[in-house]
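Chemist: The feature active site, proton acceptor is assigned by Swiss-Prot to 137, with sequence analysis given as support. Taken from Swiss-Prot, the feature ATP binding site applies to 16, 17, 18, 19, 20, 21, 22, 23, 24, 38, supported by sequence analysis. The feature domain 'Protein kinase' is assigned by Swiss-Prot to 10-272.
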C-alpha cells in the first residue's frame, strides 16, 4: 500500500501483520505515539465475499470492540475511517509482543506466572461478558502484552453479542481454532460457555506448553481418552498439574456446557483467588522486570543434544505432517507481508564503528542458546521495563558467523529431514525462505525464514510466523535450530 493516504492523520511505518485481505502496520502521530493500524483492502475483501456481508461483519467487529473499550486487559480501540480503497481501524499497539512467543513448548511457565496471566485473562473476559459480548476465538495468537507485561485480549473478528438488555440468545456459527474450540460449537451454543472452554485450554497450554488434544471431537485419540476417564484424567501430562490447577481446568473443560464452570465459578475458584507476588491490588503487574526474567529463564534450546522429535508427535518423528500443503499462487505474495514486531524500520546493516559484542550482549534472544540464568540476571540489573528483557520482537531468531550459503545449506538439510518443502526469494540484502506446513494438530503453519546480513561478518536468521499457533511455530523453530546446532548458531557473543 502507499505510504500516504488522503486524510490519514498518522505517519505509516512498517507492516507487523497480515490477513486474508488486511494488513496491520505500525503508525505514529506527531507526538511519536505508536498505534497498530489495521488496513482492509475493500476491493480485495468484497471480491472474496458479498460486499454486504463484508460490510456487516466489519461493522459488527468495530461495534463490539468499541462496546468493550476501556478495560485494561483488552486492546484499546481508538477510531476507524475509510476512503474508496481502504478501511482502517486504529488500535493500541501491544509493545510487549505475543505472550505465547515467550512460553517453552511442552514445558510451559511457572504456576504463579500462569496464575497471574490467567487472572488478567479472566478479568478481560468477565468485562466482555458483562457487555453481552462473546469473543469466540480465544487462542494464543490473540493474547498480547503491553510494555509492562500486562495481558491484552485482541481481535474481535469472530465476536458476537449473546446477551442484550438482560435477554440472552444462543449462537450458531461454528468459529474458532480447533484445538481451542468447545465441543458444542457445531450446534447452537451459549457464547459465554465456549469462551470458558477456550480459557481452560489456554490455561492448560500456559502450564504445560501444549494443548490437550487436536480438537474436542469424541472420535479423536486424546479427547476420546479424556472422555473415557470421565473427564478426570490421570495420565501424562495431566498428572503434572497441581491439585488446584487440575481442579479449575477440569471444571472449565466439562463437555456438557450445563455442567461446565461459568465465568463466576472460575473467578471465585481458590486456585485463582490465592495471592501471587506479581499482582498488585488493581490486578496489574507488580514487578515487570522480575516477571520478564521468569519468562525468559524458561526458554532453552539445547544445541548439544540435536533433536528433530516433538515429545508428543503424532504424524512422524518431527511432530509435523509428512504431507505438507502445497503453495498456492497467492501464498508467496501474502507471505511477502510478514508479521514482525519491533521497530519502525527493517533490519539494516550495522554501522562499521558499532561494537557488535555490545549489541549482542543486550539481545535477550541469545539467552536461549546458553546457560541463560547469568545472561538474564545481567540484563535485569540494568532493565527498567518488561520489554528490555522480553522484547516485542519474536524470539524465534538466531545469529550466525557462518557464510549465508553455509547457513542456507544447513537450513535446507534440516527442513528436508522434517519433510517440509521450501521456496526461496532474494530481496535486497536478504534471503527469504517460505515455509508452509501443518503442525501435529493438523493446523496450518505459515511463515518465512529471513536471513539478513548485518555487516561485521554477522547474519540474523529470523523465523517469522504469519499464520498458526505460536507454540507450534516455536516448536518448529527449535527443531530446525537444534538440528543445525553449533557452530552455525552463535551462542557466545565473543564467538568468531
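Backbone N, Cα and C define each Cβ position, glycine as well.
Not measured: the values here are computed from a predicted model.
Give me the lay of the land around each of these features.
Modeler: According to its DSSP assignment, residue 137 (active site, proton acceptor) is coil. With a cut-off of 8 Å between CB atoms and residues at least 6 apart in sequence, the same chain places 155, 157, 158, 159, 175, 176, 177, 198 near residue 137 (active site, proton acceptor), listed in sequence order.
Residue 16 (ATP binding site) carries a strand DSSP state (E or B). Using a 10 Å radius centred on the Cβ of residue 16 (ATP binding site) and all shown protein chains, the other Cβ atoms total 22.
Mean pLDDT for the domain 'Protein kinase' (10-272) in this predicted model: 94.
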Chemist: Note down the number of other Cβ atoms within 10 Å of the Cβ of residue 18 (ATP binding site), including every protein chain shown.
Modeler: 18
